[in-house]
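Trainee: The structure follows.
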Amino acid sequence: MIKTKLAVFASGTGSNYDAIVEAIRTNQLDAELTILVCDNPNAKVIEKAKANGTPMFVFDPKQYVDKAMFETKIVEVLQEASVDLVILAGYMRLVGPTLLQHFEDRMINIHPSLLPAFPGLDAIGQAFDAGVKVSGVTIHFVDQGMDTGKIIAQEAVKIEENMTREALQQAIQKVEHHLYPQTIQQLISRGE
Ligand code: GRF
């Protein structure tokens, strides 16, 4: 069987990248991670990908005239690697039309809140400051908006009385690390 080829996009720590690599290694996710795309040459995730031997495309957006230029390059890289599904995992950038038109319905994102609540940056801090009693994790298809695409999966996290912001972050990350590989596997099994 030919495996589904994934590209993971990350800009930072890469704990979701780690979770996906681990799920593939332990056969919980039947896919091949063909490339890591990273827009931050100083990101921690690069060290992890080096250690794992994941092929990488690392770029500095400042070296390109505009978003259309670097997204054109990304499309080339993804097509060369025959990528089937793009997994945004902490890619801190709004995807533009150049990339979207090639991967619409084949690009998903993870967001640390129950969308449509708390889109955008620091969703965990937003939920914490709002004093809500429940937040969580959303996985959704990517469209041109900020965290607005069709929702695929959600899991709630209860915010206990006296819970610190750090504890909430840990609880949300714990959910992310099982929900993302599991949802990717479901999409693959359904042939989406
Ligand atoms: C995650 O919380 C994810 O929901 C958000 O960015 C964060 C990335 O964390 N989109 P990591 O780099 O995977 O550790």
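Just so it is clear, glycine is given a Cβ too, placed from its N, Cα and C backbone atoms.
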Trainee: Check TrEMBL for me: it has M92, R93, L94, V95, N109 binding (6R)-10-formyltetrahydrofolate, so pick out which one of K62, K67, K133 it puts in that same site.
Mentor: K67
Trainee: Out of the recorded positions I have (G14, R93, D147), which ones have their Cβ sitting under 6 Å from ligand 1?
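Mentor: If the test is a Cβ under 6 Å from any atom of ligand 1, the answer is G14.
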Trainee: With every protein chain in view, how many other Cβ atoms are within 10 Å of the Cβ of G14 (N(1)-(5-phospho-beta-D-ribosyl)glycinamide binding site)?
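Mentor: Other Cβ atoms found within 10 Å: 23.
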Trainee: Within the chain of M92 ((6R)-10-formyltetrahydrofolate binding site), which residues six or more apart in sequence place their C-beta under 8 angstroms from its C-beta?
Mentor: S11, G12, D39, N40
Trainee: Taking the Cβ of L94 ((6R)-10-formyltetrahydrofolate binding site) as the centre, count every other Cβ atom within 10 Å, in any protein chain shown.
Mentor: 13
Trainee: Let me make sure I understand the structure: which of the binding-site residues listed (S15, N16, N109) has the fewest other Cβ atoms within 10 A of its Cβ?
Mentor: S15
